[in-house]
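*Asks:* I'd like to ask some things about the structure below.
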Amino acid sequence: MERLQKQPLTSPGSVSPSRDSSVPGSPSSIVAKMDNQVLGYKDLAAIPKDKAILDIERPDLMIYEPHFTYSLLEHVELPRSRERSLSPKSTSPPPSPEVWADSRSPGIISQASAPRTTGTPRTSLPHFHHPETSRPDSNIYKKPPIYKQRESVGGSPQTKHLIEDLIIESSKFPAAQPPDPNQPAKIETDYWPCPPSLAVVETEWRKRKASRRGAEEEEEEEDDDSGEEMKALRERQREELSKVTSNLGKMILKEEMEKSLPIRRKTRSLPDRTPFHTSLHQGTSKSSSLPAYGRTTLSRLQSTEFSPSGSETGSPGLQNGEGQRGRMDRGNSLPCVLEQKIYPYEMLVVTNKGRTKLPPGVDRMRLERHLSAEDFSRVFAMSPEEFGKLALWKRNELKKKASLF
């Protein structure tokens, strides 16, 4: 009892350490006062956890401080007790014993402790978000769903049925939006809306093309109707030009009249210039009328390398460069228009001693093509057809031996 008399009075539910213990802060020196009973450490530990001993929600997070105790006023304000238990220890010096003795008494607040609690309230920086509760509509979780809000606004059964029908109809479309009636319909699947099929796209394209054709025909009819207006404008131009005497005035008036004329966009009357409509015989007949450039009386033997098809070699009219327009060189995408000249072998030989001057217009990479059939068979000991069937490295080796590479 003496031990308890030495200790100051504490509020119910508070823990205070004993100062008489030989080992300060040991568990055996801790006593608690609860319901007008003094409990030791062992009795305090035997009480079940679900009973609020210290009137704190999380007693396991409370930090044990042997020199300070919590008063009842601090336990009343739950957010402050949470901040104090979860925040680190403050570095401010402890208050005087008189202030603590006055603050520990239940229901009595001294003048020394009053300014501490009322005048300078304890504030700490918030480390969490406080939602705005000034407006009742700010919290979206407390609001009813949209269709229920509409029911509260207009609670008639007709509007309720309309809203339900709208919800059901919108659930049938992707993104709850009806499709555009002007666009082709998409393929409907159970997984994801696919793009429209090619058949639907093709029909839509044909419809648009037909409408464009109709618009073009209308424009052509308008152009035909405006032909008379064009004639009238030209007659006016001639009359105005006949009135002007100076040449400079005539030029200026002519330019102004040409700018004022409407531009005709009729292009269907133009002939087709595509290569699919021109024939090979028409091109050869035109080329035969041109003056012969470098033609010789020697007849070249057409090989598979120099001609795209073997049918040209059998026809006599395609020899001697007449069918060169249709010939395709190997490795080139464009046809060889100009006929290659034929030179003797001695003029085409390339030596390493000095820089040899080749004839003009000679292809340095294909000197063998400028040889005649007799010189070709004499130099390479084979026909041009057999030479064209060889591999590239083999042909280069033969040309090196013949000094044509």
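Glycine too: its Cβ is placed from the backbone N, Cα and C atoms.
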*Asks:* Here are some residues: S171, S197, S333. Which is flagged as phosphoserine in Swiss-Prot?
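*Replies:* Among S171, S197, S333, the residue Swiss-Prot annotates as phosphoserine is S333.
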*Asks:* Which one of S22, S90, S138, S226 shows up in Swiss-Prot with the note phosphoserine?
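*Replies:* Per Swiss-Prot, phosphoserine applies to S226.
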*Asks:* Among the residues S11, S26, which does Swiss-Prot list with the feature phosphoserine?
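*Replies:* The candidate carrying the phosphoserine note in Swiss-Prot is S26.
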*Asks:* Return one of helix, strand or coil for S383 (phosphoserine), based on DSSP.
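*Replies:* For S383 (phosphoserine) - judged by DSSP and reduced to three states - the answer is coil.
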*Asks:* At the level of the C-alpha atoms, what whole-angstrom distance separates S383 (phosphoserine) and S403 (phosphoserine)?
*Replies:* 18
*Asks:* For S403 (phosphoserine), what residues in its own chain, 6 or more apart in sequence, show a Cβ-Cβ distance under 8 Å?
*Replies:* V349, V350, T351
